Ligand SMILES: [Zn+2]
């Protein structure tokens, strides 16, 4: 029974939404419990666009950490049409920024400030390429005439491929990939060492049919939306290959139950409460638990030129129950992914 207990280097989460205020306080302990570091998304209201914003936000995150928990937030800048390349470069040099995030305008939650035309930020991208600052991309076109299930593949062809050609040394992470096209694209560019891709836990487990199983399941609605089964299989293959460009990024994105269970519900799955347990399940189902450490703990730091963790965590193959509602404030709560369900794995903490 070699895999009833796995000890791996402490993982990092390369794509997290921590929000702010009461929500930050409610959700941060879950991410910080399992992960040593996290790339923190900048889509607050208003977004984190400057070094000063990021420095202040990092301070609020550190202040919200439970006592005795070691956790390093890695901050990102929200690119806009008006991003100041000088400020960005200074923030990166000073260790405030780890990366910058490109949201096509209106692609997802709080992205109304995003970049309206990528050509407008060419000087910023040139500067980022020069200094080796990674560009993190939400890879979906926002054209409402493009079918929602095709928006990632169309983005890759029409925007990402030309972008990589225009900026041949820019380092890019295609975030939360959901399609076989994305996996193929990343593999085709893998030799350059300048492209990475994060894969969420929920996209390894659900396909688009799950969103409509027995009725509409608002808590499984996220962006990019889950695709058909062939794509999920491609994601599992990529994640469990252990190959360098693919690494863990949960895209855990808390919204209150009232915001999710509404006539026009928000996009996002809150997976931080049991992320490693869920990933372990996906890797076990693929017979690839021996690749979990590469995906969760090694490939990400290598891409970001950071040291791998010297801490170790343990996962045990004994049932655990995903947490129930998490209270944010009076009358507001977040429902974790697979809440109330029994999971096959348990997180045993650091060892
Ligand atoms: Zn996200």
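Using N, Cα and C of the backbone, Cβ positions are placed for all residues, glycine too.
Unlike curated entries, TrEMBL annotations are predicted automatically.
Marked as domain 'Amidohydrolase-related' by TrEMBL: 13-306.
According to TrEMBL, the Zn(2+) 1 binding site annotation covers 15, 17, 101, 251. Neighbours of residue 15 (Zn(2+) 1 binding site), defined as other CB atoms within 10 A of its CB across all chains, total 26.
All protein chains included, residue 223 (substrate binding site) registers 21 other Cβ atoms within 10 Å of its own Cβ. DSSP assigns residue 223 (substrate binding site) to coil, not to a helix or a strand. TrEMBL lists 17, 18, 19, 43, 138, 223, 255, 267 with the feature substrate binding site.
The Zn(2+) 2 binding site annotation in TrEMBL covers 101, 138, 176. Counting only same-chain residues at least 6 apart in sequence, those with a Cβ under 8 Å from the Cβ of residue 101 (Zn(2+) 1 binding site) are 41, 42, 43, 76, 77, 78, 79, 135, 136, 137, 138.
If you look up TrEMBL, you'll see 101 marked as N6-carboxylysine.
As annotated by TrEMBL, active site applies to 251. Annotation note: residue 251 (Zn(2+) 1 binding site) sits in a coil segment as assigned by DSSP. Within 10 Å of the C-beta of residue 251 (Zn(2+) 1 binding site) there are 26 other C-beta atoms, taking all protein chains into account.
Among the binding-site residues 19, 101, 223, 251, the residues whose Cβ lies under 6 Å from any atom of ligand 1 are, in sequence order, 251. Comparing local CB density within 10 A for the binding-site residues 18, 267, the maximum falls on 18. When the binding-site residues 17, 18, 255 are ranked by how far their Cα is from the Cα of residue 176 (Zn(2+) 2 binding site), 17 comes first. With residue 17 (Zn(2+) 1 binding site) as the anchor, the candidate binding-site residues are 223, 255, 267, and the one with the nearest CA is 255. Counting only the Cα atoms, the space from residue 15 (Zn(2+) 1 binding site) to residue 267 (substrate binding site) is about 15 angstrom.
In this view, residue 138 (substrate binding site) is surrounded by 24 other Cβ atoms within 10 Å of its Cβ, with every protein chain counted. Of all the binding-site residues listed here (19, 255), it is 19 whose C-beta has the fewest other C-beta atoms within 10 angstroms.
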